[in-house]
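Undergrad: Pulled the feature table from TrEMBL, pasting it below:
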- 12-365: domain 'Cation/H+ exchanger transmembrane' (DOMAIN)
- 406-520: domain 'RCK N-terminal' (DOMAIN)
- 6-24: transmembrane segment (TRANSMEM)
- 53-73: transmembrane segment (TRANSMEM)
- 85-106: transmembrane segment (TRANSMEM)
- 112-133: transmembrane segment (TRANSMEM)
- 145-167: transmembrane segment (TRANSMEM)
- 173-202: transmembrane segment (TRANSMEM)
- 214-233: transmembrane segment (TRANSMEM)
- 239-255: transmembrane segment (TRANSMEM)
- 267-286: transmembrane segment (TRANSMEM)
- 292-315: transmembrane segment (TRANSMEM)
- 322-343: transmembrane segment (TRANSMEM)
- 355-374: transmembrane segment (TRANSMEM)
């Protein structure tokens, strides 16, 4: 009954603190860690049966990493792209090297410095996905790149957890050999699991899917079973859960599995973060405050600067580089898991674990504001960002001739507008900041200019005064408003077509001076009803439309 009362009090306090965090618009993870501090020995000292809480928190970590593994679909990993891979790897390498020497400078020993350096490299997939989703930026270029390198980071974290497990059983000169053997053993084990599961899982899933409850309990048993298998063979529970998730990711029922496991994850992972908070030694916070602030400043400023430079070298604009850089301005739940594992293995002291947790608290709170208010901050930093531009934007084209029309955004439906401009005989250019689109236009000899329609300085460089026609395929209301205002300041007669998603957005764009606002769903509905009127239930008519549509889709290159 004591354990029941203890867990009840823990959940009640966590709920109250999380509610306050929510009202203050802070990530709930902050509330959970603060709950742990309040419930720990420094304040209420409620947590007496820490072993029970540890078991529950271990379940939370296992389910969390199992779900992460399910989201690491091999097909998605293959589609991440060169940019995400290069940026993800480069950021981890540079951050860990600088972080190691910074930790040594702060007085940590080599092992602790290595753990801290690695902890500083990983950004929070959960928090970034939530913030990008809240801002509606998941499908923007920087959002897609961020998701890509977060996947790369998750893979690197998986490998590091594997190495850490090996390091836990050895020391000294034999560490490298044992680590190498463990890695080889791990690769063979992972390969065997993936091979067997590719034949076994589809049949079991098909049978289990006949009952939602059976599918849920089988998925849970598979994830926990994989974690136990890897633990029994000398690896960590974490790596087993991740591998089990990746094996399950190819299942057609993966979305249903994740949706059913998520509430279980949310409950148990709360206890993990509460446990982390309870292990913070507040008595030594005075000693930890200076190193925590120094490391936090490095994460909040150094990490974004590193990513901005990497993105610039890869040919991306200042704006894309800046917003991509903001997504690495915090450390992640993987950092906390790695720190907890190091503490469990005896590699880290409680003070070092508290230091990592404190850095997580500071950076998660600060980076949330940085990402949410990045649009306001960017204009004030454009001159400073120019100093970080080590390379001229990829694909920059000299355009000395005059042009009568500009298309902003080649992707989506830009190719159709290019054909329309060519038929009308316009001299035109296409403005885009996606290097893939620039590369394609360069190959196809389409006149282009590398730039961002949100950049007022860039717009000032364009010859807007003599334009006859402007089309923007960019689905962002603020960008289109800025574009219209800049054009109308110097040119009242140009025809300006822009895109809007809602009626309110369309009305605002018309008031700003748009000639016509394209609403894709409105035009799509009109076209669809026209098809219905023309073809009714005539299957042959729809077959011909389908054939033409498929041929059209094949022509879309970017």
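Just so you know, the numbers here start at 1 and follow the chain as drawn.
Quick reminder: no glycine exception, Cβ is built from N, Cα and C everywhere.
Predicted, not measured: the structure shown is a model, and the values here were computed from it.
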Undergrad: Of the listed stretches 6-24, 173-202, 239-255, 292-315, which one has the most C-beta pairs under 8 A with the transmembrane segment (214-233)?
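TA: Result: 239-255.
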Undergrad: Give the one range among 267-286, 322-343, 355-374 whose Cβ atoms make the most pairs under 8 Å with those of the transmembrane segment (292-315).
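TA: It is 322-343, which has the most Cβ pairs under 8 Å.
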Undergrad: Are there at least 3 C-beta pairs under 8 angstroms linking the transmembrane segment (112-133) and the transmembrane segment (85-106), leaving out pairs fewer than 6 apart in sequence?
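TA: Answer yes, regions in contact.
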Undergrad: In the same chain, which residue numbers or ranges, 6 or more beyond the ends of the transmembrane segment (267-286), come under 8 angstroms Cβ to Cβ?
TA: 10-11, 14, 29, 32-42, 47, 50, 53-54, 56-61, 63-64, 336, 340, 343, 350-351, 353-354, 357-358
Undergrad: Quick one: DSSP breakdown of the domain 'RCK N-terminal' (406-520) into helix, strand and coil?
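TA: Result for the domain 'RCK N-terminal' (406-520), in helix, strand, coil order: 51 helix, 23 strand, 41 coil.
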Undergrad: Within the domain 'RCK N-terminal' (406-520) only, compute the mean pLDDT.
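TA: Value for the domain 'RCK N-terminal' (406-520), mean pLDDT as a whole number: 87.
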Undergrad: Near the transmembrane segment (53-73), which same-chain residues lie under 8 Å Cβ to Cβ, leaving out any that are not at least 6 residues past its ends?
TA: 7, 10, 47, 125, 151, 154-155, 220, 223-224, 226-227, 237-238, 241-250, 254, 257-258, 261-262, 264-265, 267-272, 274-275, 333, 337
Undergrad: Is the transmembrane segment (6-24) packed against any residues at least 6 beyond its ends, judged by a Cβ distance under 8 Å, and which are they?
TA: 30-32, 34-35, 38-39, 44, 46-49, 52-53, 270-271, 274
Undergrad: What same-chain residues lie close to the transmembrane segment (355-374): Cβ under 8 Å, and 6 or more beyond its ends?
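TA: Distal contacts: 26-27, 29-30, 33-34, 115-116, 119-120, 124, 127-128, 131-132, 134-135, 276-277, 279-280, 285, 288-289, 291-293, 295-296, 299-300, 322-323, 326-327, 329-332, 335-336, 339.
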